[in-house]
Number of protein chains: 4
Amino acid sequence: MQLTKQKVGVLGATGTVGQRFILLLAQHPNFKIHKLGASSASVGKVYKDAVKGRWKQVVGIPENIASVPVLECTVENFKDCDIVFSGLDSGPASTIEPAFRKAELRVFSNAKNFRLDEQCPLVVPLANDSHFGILPHQQKAQGLQKGFIVTNANCSTTGIIPPLKALQDAFGSLDKVVVTTLQAVSGAGYPGVSSFDIHDNVVPYISGEEEKIEAETMKMLGSLSSDGTQFQKEPVTVSAQCNRVPVLDGHTECVSLSFKQRPPPSIDQVKEVLRNYTCEAQKLKAHSAPAQAIVVHEEEDRPQPRLDRDHQNGACVHVGRVRKCPVFDVKFVVLSNNVMIGAATSSVMNAEIALAQGYLN
Amino acid sequence: MQLTKQKVGVLGATGTVGQRFILLLAQHPNFKIHKLGASSASVGKVYKDAVKGRWKQVVGIPENIASVPVLECTVENFKDCDIVFSGLDSGPASTIEPAFRKAELRVFSNAKNFRLDEQCPLVVPLANDSHFGILPHQQKAQGLQKGFIVTNANCSTTGIIPPLKALQDAFGSLDKVVVTTLQAVSGAGYPGVSSFDIHDNVVPYISGEEEKIEAETMKMLGSLSSDGTQFQKEPVTVSAQCNRVPVLDGHTECVSLSFKQRPPPSIDQVKEVLRNYTCEAQKLKAHSAPAQAIVVHEEEDRPQPRLDRDHQNGACVHVGRVRKCPVFDVKFVVLSNNVMIGAATSSVMNAEIALAQGYLN
Amino acid sequence: MQLTKQKVGVLGATGTVGQRFILLLAQHPNFKIHKLGASSASVGKVYKDAVKGRWKQVVGIPENIASVPVLECTVENFKDCDIVFSGLDSGPASTIEPAFRKAELRVFSNAKNFRLDEQCPLVVPLANDSHFGILPHQQKAQGLQKGFIVTNANCSTTGIIPPLKALQDAFGSLDKVVVTTLQAVSGAGYPGVSSFDIHDNVVPYISGEEEKIEAETMKMLGSLSSDGTQFQKEPVTVSAQCNRVPVLDGHTECVSLSFKQRPPPSIDQVKEVLRNYTCEAQKLKAHSAPAQAIVVHEEEDRPQPRLDRDHQNGACVHVGRVRKCPVFDVKFVVLSNNVMIGAATSSVMNAEIALAQGYLN
Amino acid sequence: MQLTKQKVGVLGATGTVGQRFILLLAQHPNFKIHKLGASSASVGKVYKDAVKGRWKQVVGIPENIASVPVLECTVENFKDCDIVFSGLDSGPASTIEPAFRKAELRVFSNAKNFRLDEQCPLVVPLANDSHFGILPHQQKAQGLQKGFIVTNANCSTTGIIPPLKALQDAFGSLDKVVVTTLQAVSGAGYPGVSSFDIHDNVVPYISGEEEKIEAETMKMLGSLSSDGTQFQKEPVTVSAQCNRVPVLDGHTECVSLSFKQRPPPSIDQVKEVLRNYTCEAQKLKAHSAPAQAIVVHEEEDRPQPRLDRDHQNGACVHVGRVRKCPVFDVKFVVLSNNVMIGAATSSVMNAEIALAQGYLN
């Protein structure tokens, strides 16, 4: 029985990711929005005024949040929170997140700053929550009792990790992974991508994105040492090509991969593993966990972003067109909702898992 | 000095490819539209009436073509043509094209039917015009004096062949090629893709497209035997993933490849070869040949379909983001105008080359 | 207390409107899907097979409907239904709907055929349910006990009727109405509008649409004679210009109008009337009725189709930018969800009202 | 015979309108780019570097302009120009344009600041070049010999003025005009409209746009007093509703209007007048003048932005669907290329006319 909800703060509450945090947390069984933080332009306003003209969600501002005052992102303002969710850009995140940790706050961050940090778990909640095991080490190394930083992955990395993890768990190490992404405009926030740039167009470049996929994948598919003090990178070779396409939400990714194991598993074995994959968030009955972590499509033309992105409130990933690859062993298409599991939903589900696993005691 | 223009027929003249033929041929220095053919719905009308409500070009119907009558696609109607360009769908093409050849007509076809035929050249005019050398053998095998069928490649294959050929010529055989396409809606003709399917969406499947890229590439990168009687397939392994994206014209393709040669060429060597590539159509000063066959972009976010597809009247291919691939040797982005070099422009340029090389005597 | 649900048949069940009927009726408190009908291509299949590759909804086929067999649309097949919802095109509707009525079936039709019929009510359920009063006359005139045809309006007419009716109720007859529409592609069904036609484009023409708005508005704003035997057209002059725009769902309509009453009401009075408008469906607590029939927006840039179309499950209409018109008295913007209140939701809500009002006894 | 070209300066040369000026003037028979000005971020760079990553045209930077240095927009820097074209935003335009005039420079401005000024002509070159007749008065009132400011209209006003002027010239004063616009995203410049706002959407509001159409139309349809010292506003009543739609270039406008003259002209008479309309720019053989000022379409679904916007290099306006209006006398659809005749082309054509009429002596 949950007697009291954890008090949560949301940093960057007025931005694109922040707005999603608000929607996910306004009526959450474990968490209760306690404090909202944003940049100086919003400080001193109540939430609904701070996002005036910038609230771009298809549902309205939750009534119980509309009049919450927006604060400056200082430790002083948030020190009585149990958890802080950060939707900050990497600029402000670079100083605010470590300052909050130092003040013994638990920070669940969407920013890129600490993803590759040796002490910080980088967790896609559908895949590698075992990396939370580094947290005691992080606290010890930082000289802290409670404070830590947990990060979730870049939106385009998030989509591919669950199927890659499922296959690695079943068939051993992957050898090579080639991925080409077709990413939605919402991934760039608001105002983000100019209509002038993406209308009737493809932009075959997203700054820093390919490097993130390549590095984050190696960390997340890797393991934590048995003493819980260091991450061992998985020696998989990853090559990514990233494109922006005129789609609002939902990243499509075309993946080809090979296994180290020879002969490789059959296509039917691959499909079965993906279909039967179950993650810890499901077993723990985390509030945001999808009923099915990986939805495998048999129709030849699915998944599609417009039709599939909102399935299970965007908390799962979709895999389709699983078939033999003439160059590697298997190829398939992945779809994930970049603003949900690719961003705020991952942070929140990470916190739900951490809570269930006792890391928030 | 060219005394008289070749009399050309256009089959499938009212369709999407056919309309492009009309625009390319209406004022051509070597060819003169002599006969127009289409399906029974159009037969008996003059051209402008036959395409009423279906002429979807940004320029109007050429005045000298507007009143040309549309005929049934019979040998009888077209027998006094020197050349026939076919924009027919594969259904009617399967019987009409061989019948026309048998009647000693030279057929330049966009249809897929004869692309992999052992006697028919499959030619991207910017790359493998040497395959025309099979034509005497085709004529002999068919017991013909003049008639033949020449095909050009599928639009998505067309884009990648020039850079692949340039690299193969310079650095020897390619080993593996992985390509993911982001294809424009115009590739599906008219009415083609429903707005309901592609609006705010990606469709990660185009029927038959991946197989075409994989098979056509092996034929076109291959060589013709020294006696001109058979094609030797290049043993390159190709894997394609094809997607439809909400772009009007212009196929974007993300390519990663490895060479057989070890060590592979450097990125600078690859760029230099692509930049300096010159094709036979340019040397022959073919009317439709671009000044530069492969345009290499140095900006980090180019090529882009909307900005680059109309360069050189869509007759070239664009390559950008040439860089090292962690998995293979090199990766880059290709853009080609699928309705120009990917379709009608290829047929017309093929005929220009064949004319210059004496195959139309 | 509702003891038993009405048994309903759905005609045209595999089409765009039919699919929406399925979603609205699969778990309805008053209605239970009993029979499904479609064209010969679907007959003999179970529903999920009949819509294979054509189910374009973001939620899946309801499980309890997936295996229902699809029947030919004959009286024999549907005679044990209490109600029939018709999503038929006007071609088949022209014979099937009257045949069904003649067989004593109650038909709620989306087709245009009987909208202007002197015996058939044309009802936007948020506005003129009083027109159901003609039903006894229709039955008598047709020599029937139970059978009738009820129609709902064209999608673009549907959006403007609630605000026009609200204003007419409050301030007396309208004099002139000028409306320009910006209509979504889903209004044309599937495959409907070719992406080639609407991509990066506006098509300033929709066949028959302007005439429908002009005629249907006069009927629906008119009254039923006191003896319930004839409709008196409202002598309002309406001029419509209709455009298709690249939006998936949601028709935007720019309206300017004048009142007969001089001086006209103030802008504040107009807003107040729109905001306070309550329709019979709300009072009857019809299952599909929105909590608010007309949502009035105060933000200067709303309503917008993408942000507002799904509010209240698309069962309401939105009005924004209510302001003085230099030429007429007032101008404003209307948004309605063309696939919901503009189509299937109207039929279903009409049946709910008719049920509550005793017309289905 | 033109002995020497006028030396022109371009202010705001790096912006969206400025880039169009560059393209229009790089090879102009009357004008020669002499100086380029932009904001401090660009000052000190050569043009091609100043627009790096912001050059969004489908043709490249003209070679003869690429290395021109970008200067601060000071009188000192531009004093040796004969003409200055201003693509400045209204902020900097408010001080720079009058300062340039005061320094005896001829300024042709796209900015809104002086459009309604009593001494400044507001001219759509296809319609009311007679307003240049105020220039001697402006110079006298300002105590100047050569300097003046000429403005061209807002892009959405520009489209409707030529047909309104043609009809007024032929049939006398217009009484009422109602116009609803569907405006392209390029009208907002770069980065302008966020893809997040306009993707799959309509925004029924453009700040200040409706007021501009209403006020500018009255000025431009009005006359200049016989002594050339004041504009007499035309007492036509105009009501505009403005929408942004997901189209790149090309504003569509739905117009309904009534004439003062009773009975009004017939639809055939209206069409004939529009079709036969000839403007002064054509008579003067101005370089940028279209061969046909108003293109009248007979097809029921034209004009369309994607198909018609580039006709005659975007220098004309298109009118289609001319038909009776149930509320007013006539209604029709107008299309104009907002980045060409709606912006830079108007400025340049205005200067061409002014040159031919002797105002630049």
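Note that Cβ sites are derived from N, Cα and C of the backbone, with glycine treated the same way.
These features come from TrEMBL:
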ACT_SITE  C:CYS155  active site, acyl-thioester intermediate
ACT_SITE  C:HIS251  active site, proton acceptor
DOMAIN    C:7-135  domain 'Semialdehyde dehydrogenase NAD-binding'
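Other Cβ atoms within 10 Å of the Cβ of C:CYS155 (active site, acyl-thioester intermediate) number 26 in total over all chains. Rounded to the nearest whole angstrom, the C-alpha distance between the residue listed as 'active site, acyl-thioester intermediate' and C:HIS251 (active site, proton acceptor) is 8.
In the domain 'Semialdehyde dehydrogenase NAD-binding' (C:7-135), the DSSP tally of helix, strand and coil residues is 42 helix, 27 strand, 60 coil. As a whole-number mean, the pLDDT of the domain 'Semialdehyde dehydrogenase NAD-binding' (C:7-135) in this prediction is 97. Sequence-distant contacts (6 or more apart, same chain, Cβ under 8 Å) of the residue listed as 'active site, proton acceptor' comprise C:CYS155, C:SER156, C:GLY159, C:THR181, C:LEU182, C:GLN183, C:ALA184, C:GLY187, C:PRO305, C:LEU335, C:SER336, C:ASN338, C:GLY342.
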